[in-house]
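Let me begin by presenting the structure, written as structure tokens, before commenting on it.
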């Protein structure tokens, strides 16, 4: 019984996340063997970013490009159900699915010319939108949960290797004093060959000076994402809503008038859901490529330092503590975990089955058509509040993790050698970040972005989720007072559709701001490691 209760209580708990970077093979020179001897690590590696086997390449569903799989020493492997769900999430954000939905929206628009005035047509479209949005709600929740775990593990792995690097740099200081390691100046002859500036300290040979850039389609998607999630677009949405309300008296507040906005917001919501899933997959694929390049340079730093210091100690495991949350936030996370495991879709299948079964009893009238849309619409409304809350919380947790990584990096000493003082010194951030504070991404301090961020904070507050839940109860009470008539069911369809459309735009805004911040974080991390590699390359092992 206790185990069953523990299983029920497990969702919503954000536990500690721990990981370690794989220990790189050590290249040692021995007295008897002038060649380099490889001392392999006994670390077992498993995928961090895509949860596949180490060293494998796979195609990104969003871009179709081959991308490397990142590795850490974590041996946890998702079970078959989780792998299937992750594959479903990736497929939902793929280019074919996105194009299929765009085709469906265009088909709906053209068919609306002859059938648009028929009430059953508009109700049917509303039902289809509610079901599609409900489905995407669960997949987007899963995307957020997976993305959070990956980002935290990236910081843990980089901090893990950083601990080893700082330990070996301290050992390197002692090796310099003993004369076991020398600092190579430009023009110094090594093994009968004069070292030039291009051969020492250059990070261009084999390593790009910048992280990978998005392709033209990725850049176009990013621009469209910024437009759809821009504050002006959000304000324009509400202007359209007020214009629609202004026509209410002229149309006699009729059901047909209500269905007009329901159809419009339905199409908008499906478009944003599909686009959000696609852009997240694209940005995840781009981030994976950037992190892979960072890990490559980071591993090269470790290999060179292990060669210089003869260090074979495995990289330590870094534990990122679980965030502290209150009861209300824990309840929200619990719901998010349940939806993210697609339990919500399983419930939807049950409800659809019951809905189909009662169709003959209601003679498949308009009320019957609205029932499924009402259910999916109300659940979708609650999901939209939860999605924004979870997105904001995870972004905050990820920002804290990247800030901890930055502070760790600031403790790393860049290897430079002074012939007079015999010291290795200079902070790693000294040339990359002169003020030792993270730079704001371009445009992040603009007025619209500041207003968007403040609006996002309000929409993401846990009390906002509570207000949304109470609003759903109010809508149910209102529909019950109307005897669940057609107008009563429209009451449970239209306000949720409008609010959910607004929250989907806010989700895009939040994603755009977070993506810009994360790109800047990765750029700074990469530049610091290039600077560190440049310094390590100037150290030579005396034999």
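Backbone N, Cα and C define each Cβ position, glycine as well.
Automated prediction, rather than curation, is the source of TrEMBL annotations.
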State the residue range annotated as transmembrane segment by TrEMBL; the candidates are 368-387, 388-407, 408-427, 428-447.
368-387
Using TrEMBL as the reference, determine which range in 305-325, 494-514 is annotated transmembrane segment.
494-514
With the ranges 202-220, 259-277, 278-296 to choose from, which does TrEMBL describe as transmembrane segment?
259-277
Among 97-115, 332-356, 368-387, 463-482, which stretch has the most Cβ pairs under 8 Å to the transmembrane segment (259-277)?
97-115
Residues of the parent chain within Cβ reach of the transmembrane segment (332-356), under 8 Å, 6 or more residues beyond its termini:
11-14, 85, 88, 131, 134-135, 137-138, 141-142, 144-145, 325, 368, 371-372, 375-376, 379, 383, 386-387, 389-390, 393, 462, 465
